[in-house]
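Engineer: After the structure tokens below, expect a handful of questions from me.
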Amino acid sequence: MATATTKTADDEKSLNDWLPITSSRNAKWWYSAFHNVTAMVGAGVLGLPYAMSELGWGPGITVMVLSWVITLYTLWQMVEMHECVPGKRFDRYHELGQEAFGKKLGLWVVVPQQLTVEVGVNIVYMVTGGKSLKKAVDTLSPHGGPPIKTTYYIMMFAAVQFFLSHLPNFNSITGVSFLAAIMSFCYSTIAWMASVRRGTQPGIKYTPKASTTTGQTFGFLSALGDVAFAFAGHNVVLEIQATIPSTPETPSKKPMWRGVVFAYIVVALCYFPVAMIGYWVFGNTVEDNVLISLERPPVIVVIANLFVVIHVIGSYQVFAMPVFDMVEYFLVVKMKFKPTKFLRFVSRTSYVALTMFLAITFPFFGGLLGFFGGFAFAPTTYFLPCIMWLAIKKPKKFGLSWFINWICIILGVLLMCLAPIGALRQIILQAKDYRFYS
């Protein structure tokens, strides 16, 4: 009996040493900082001026500030719960869910939502990378660029991912993530500074984009999803923390939280200027990607779009790594495949090909932001950590912590229910106007 138990423990350790999330635990606090920046400041920031145009000044600023505060609070909860059981680390989101809701229910509650978020982000980033690359090429050409369809630009972006996806674990993509984090700050700064340089134009309006009450309502709801999409780091935070070493004297939550605070300062410096200045300059004519609204100066537009491409290359990998971990675990433990390099090559190549195909099939950037933001990001970011906190920590009923968590839960549920409704309408409208493979 003891031999069997020892063998099981050895097998589990051997598997964890192979899986991408747990195979390396030597990360520093600044790894946490730029992994979180890379995960957070992505395609979502470029859609914030568009969200502001649907929400208006008052509601828009209110939603932005509330989202920043609430998501920082729920991120702190997840960092704290990573080692809430002495001697045990919850290295993956679903493991924490199993601790809160039970072995089976925890998987069903967390895994579908987390996969929806991570796969959804990878699809959106395929679209973003392809569109930004096309925008850069078209801007450089005096005659509108070569007649290359968006499809092929998405395939060019995917070609890079086919190569990078074979880096074995989170720490092996540190350099890529660091470069992506720098790029995210740079293109966000370029976006709002170029907008300031352009200045407001005659005839700019700050009225809702839609002319009917129904259109304004759906636009408002979709914009809530756009904002939710912009705060996406929670879905990879435990996996990032899993790469940090932990001892009783220096638990992983200390360096992790230090990195999170740094990341959220960067988030504020990127999000609020881009959202407010972009809306101030373009009003209700702003595109769902603010860089598309910027037509001049051409060199700055090209540089900013190339920065976006570099950033989403790294961000794709940050969100894909937990998916690789889940897929490889399933193939080895459930399907009884041997943990080999060939298995990793086939599974990861297939995943990149799948996201590329879906990006080519559904290239509706704005609608995808709102839909994924409301449907999946709201639960995993805004209120699921609060529910887990109540289940695991069991704060005093009707105490301050209890009230704060229930307020976050109520707001998050409303966001989850309302945002996808507006986003689906946006997708349908964009699908009618968009030419496939343009």
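Cβ atoms here come from the backbone N, Cα and C positions, even for glycine.
Heads up, here are the entries from TrEMBL:
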DOMAIN    26-422  domain 'Amino acid transporter transmembrane'
TRANSMEM  29-51  transmembrane segment
TRANSMEM  57-76  transmembrane segment
TRANSMEM  150-167  transmembrane segment
TRANSMEM  173-195  transmembrane segment
TRANSMEM  261-282  transmembrane segment
TRANSMEM  302-324  transmembrane segment
TRANSMEM  345-365  transmembrane segment
TRANSMEM  371-391  transmembrane segment
TRANSMEM  403-428  transmembrane segment
Engineer: Counting a contact as 3 or more Cβ pairs under 8 Å, with residues at least 6 apart in sequence, do the transmembrane segment (302-324) and the transmembrane segment (345-365) touch?
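Structural biologist: Contact confirmed: at least 3 Cβ pairs fall under 8 Å.
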Engineer: Taking 3+ C-beta pairs under 8 angstroms (sequence gap of 6 or more) as contact, is the transmembrane segment (345-365) in contact with the transmembrane segment (173-195)?
Structural biologist: no
Engineer: Thinking of Cβ pairs under 8 Å, which stretch from 29-51, 150-167, 261-282 has the most of them with the transmembrane segment (173-195)?
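Structural biologist: Comparing 29-51, 150-167, 261-282: 29-51 has the most Cβ pairs near the transmembrane segment (173-195).
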Engineer: Looking only at residues six or more beyond either end of the transmembrane segment (261-282), which have a C-beta under 8 A from one in the stretch?
Structural biologist: 30, 32-34, 36-37, 40-41, 45-46, 48-49, 51-53, 57, 60-61, 64, 68, 72, 75, 181, 184-185, 188-189, 191-192, 195-196, 198-201, 204, 206, 230-231, 233, 290, 293
Engineer: Grab the same-chain neighbours of the transmembrane segment (150-167) for me: Cβ-Cβ under 8 Å, and only residues 6 or more beyond its ends, written as numbers and ranges.
Structural biologist: 126-127, 129-131, 133-134, 137, 173, 176, 309, 312-313, 316-317, 320, 324, 344-345, 348-349, 351-353, 355-356, 359-360, 363, 437-438
